[in-house]
Amino acid sequence: MDPKLGRMAASLLAVLLLLLLERGMFSSPSPPPALLEKVFRYIDLHQDEFVQTLKEWVAIESDSVQPVPRFRQELFRMMAMAADMLQRLGARVASVDMGLQQLPDGQSLPIPPIILAELGSDPTKGTVCFYGHLDVQPADQGDGWLTDPYVLTEVDGKLYGRGATDNKGPVLAWINAVSAFRALEQDLPVNIKFIIEGMEEAGSVALEELVEKEKDRFFSGVDYIVISDNLWISQRKPAITYGTRGNSYFMVEVKCRDQDFHSGTFGGILHEPMADLVALLGSLVDSSGHILVPGIYDEVVRLTEEEINTYKAIHLDLEEYRNSSQIEKFLFDTKEEILMHLWRYPSLSIHGIEGAFDEPGAKTVIPGRVIGKFSIRLVPHMNVSVVEKQVTRHLEDVFSKRNSSNKMVVSMALGLHPWIANINDTQYLAAKRAIRTVFGTEPDMIRDGSTIPIAKMFQEIVHKSVVLIPLGAVDDGEHSQNEKINRWNYIEGTKLFAAFFLEMAQLH
C-alpha cells in the first residue's frame, strides 16, 4: 500500500473511532475508579501544601518584560527552583543555556535557561509534553493592586498574586498531579515531558530555535502537546481551547525634529507631529470596531451555519461577563456576535503614544517626535506579510493627504499567525472525558482572542497535536492588576490533569 494512503486510512479510522466513542456506540475502558478516588483524595488533603508552593513561586519577581539585571536574576532563580522540584520527582532535567539577549540600546542580558524534563520512557505508553512559562508581566502595588503582587494573598477563596493564573498556577497544577501519583507509589499512566521557559511575556526569546533543534531529539517520542496558558469563557464552567488569534503589532512614527517645541513660540506655524499621529490612528478603526484598512477582511474565513451553531452551544452569561469585566456596554448585544468578534474576526486596538506628555499637570509642549502603537489580532486565513503591506499602504495614503512636512515611518514590530487545531484528535476526547469526570459537565469548546505563539510553533515545527486546557476563570485578570486564581480552580485543575493522564492512557 502507498504509505500516504496508509496514513490517510489510519487517520480516517481514528476519527471514526473517536466519533463512535463520543456517541456512546461502544465504550473504551474507564480509568480505575479506585485509583482516581485515591488520587483525588490525596490532592484534597494536600491542597494547602500546593497553595504554599504557589506562594513561594509567586514571591519570585520573575518579570521578563523589564530588561534589567535584578529581574533577570529573579528569572534564573525561578527556573532553578522549578528544575529542582522536577528533579525531586525523579525527572531527568536539562536546563538549556540560551545565551544572551541583545537589547536595542546595545546592552545584553543573559536569557534564562529553558527546562527540558522527562518522566518515564515506557514505549507501550503514550508520551504527553506539557509547555508552560514561569515569567510574568510587570507588577507594582502602586499601580492599583489591593495587595502586594508578589505576596500570594487568599481572600474569599481567591489567590491574588502576579503569575497566579499566568502561568505559575497551571504549571504547578501539572506538577502537583504528577506528584500525587508519585506520593501514592503509582506508575504514571503516561510518559511525561516538560518544556518550561522564562521569556514568554517578552516574546519567547530563543524558544523557536530550541524547538527546531530538538524536534528530532527531545520531541521525537512525543505524541501530544498540552498548554495551559489561557482562561475559561465563564467563571464556573470549564473549557477546552482549539484556536487562538494571531497578532501584528505596529509602530507609526511621525517626526519633525528630535527636540520638543514651546507651543507659545511655535504653535500655529508648523505641522505638529501629534496632530498628524492622531489623524493616522483615528483612520484605523471606526466607532463600531470595524477596521478601516482596505482589504483587511478579504482573507477572513467565511462564516457558515455550522460555525454559528457552535457559538450558540457555548455557555456565556452576558450580564456576568459584562459585570466581571466592569464594562457598561459591549459593542454587540448577542452572545454569538461577541464570541465571533473575539475569536473569528480580526480586531484593531490602539495601545499608546510614545513621546507625548503623559504626566500629571499642565505642560505646554509640542512633541517633536511621537510614535503611535497599535496591533491587529489576526484570524484564519489572514497572512502577516499581507496585513503589513495593507496597513503601511493605508497609513501612507492618509498621511499624504495631510500635506504634512513631517516624516512618517511605519514598522511592524511583531507578526504572529493565528492557530487552529483539529478537535477530533485523541487528546481532545481525553480532555473532554477528564472534564466530565472532575467537573460533571461538558466543556465549552472555545477559541481564544489572544495570541499563544507556542501553539502554532509546535504545530508547524514538531507536527504534533496541540491542545489548550485552561484552568483559570474568565475574571482572573491575567496581565492586569489584582491577578488571581481561585483555590477551587487550582485544586480541581490539578485533579483534571491527573484524570487526563489516565484518560490518555486508556485512549492512546
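Each residue, glycine too, has its Cβ placed from N, Cα and C.
Here is what TrEMBL says about this protein:
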SIGNAL    1-27  signal peptide
BINDING   HIS133, ASP166, ASP229  Mn(2+) 2 binding site
ACT_SITE  ASP135  active site
BINDING   ASP166, GLU201, HIS479  Mn(2+) 1 binding site
SITE      HIS262  site 'Important for catalytic activity'
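Annotated pair ASP229 (Mn(2+) 2 binding site) and GLU201 (Mn(2+) 1 binding site), C-alpha to C-alpha distance, rounded: 11 Å. Rounded to the nearest whole angstrom, the C-alpha distance between ASP135 (active site) and GLU201 (Mn(2+) 1 binding site) is 7. Shown in sequence order, GLY132, ASN167, PRO170, VAL171, GLU200, GLU201, SER228, GLU478 are the same-chain residues outside HIS133, ASP166, ASP229 whose Cβ sits within 8 Å of the Cβ centre of the Mn(2+) 2 site. Burial estimate for the recorded positions (HIS133, HIS262, HIS479): highest at HIS133, by number of other CB atoms within 10 Å. A Cα-Cα distance of 10 Å separates ASP166 (Mn(2+) 2 binding site) from GLU201 (Mn(2+) 1 binding site). Most Cβ neighbours within 10 Å among the recorded positions ASP135, GLU201: this distinction goes to ASP135. Excluding ASP166, GLU201, HIS479 themselves, the residues of that chain whose CB lies within 8 A of the CB mean position for the Mn(2+) 1 site are, in sequence, VAL136, GLN137, GLY163, ASN167, GLU200, GLU478, GLU483.
Across the fold, the C-alpha of HIS262 (site 'Important for catalytic activity') and the C-alpha of HIS479 (Mn(2+) 1 binding site) stand 37 Å from each other. In this structure, the C-alpha atom of HIS133 (Mn(2+) 2 binding site) lies 9 angstrom from that of GLU201 (Mn(2+) 1 binding site).
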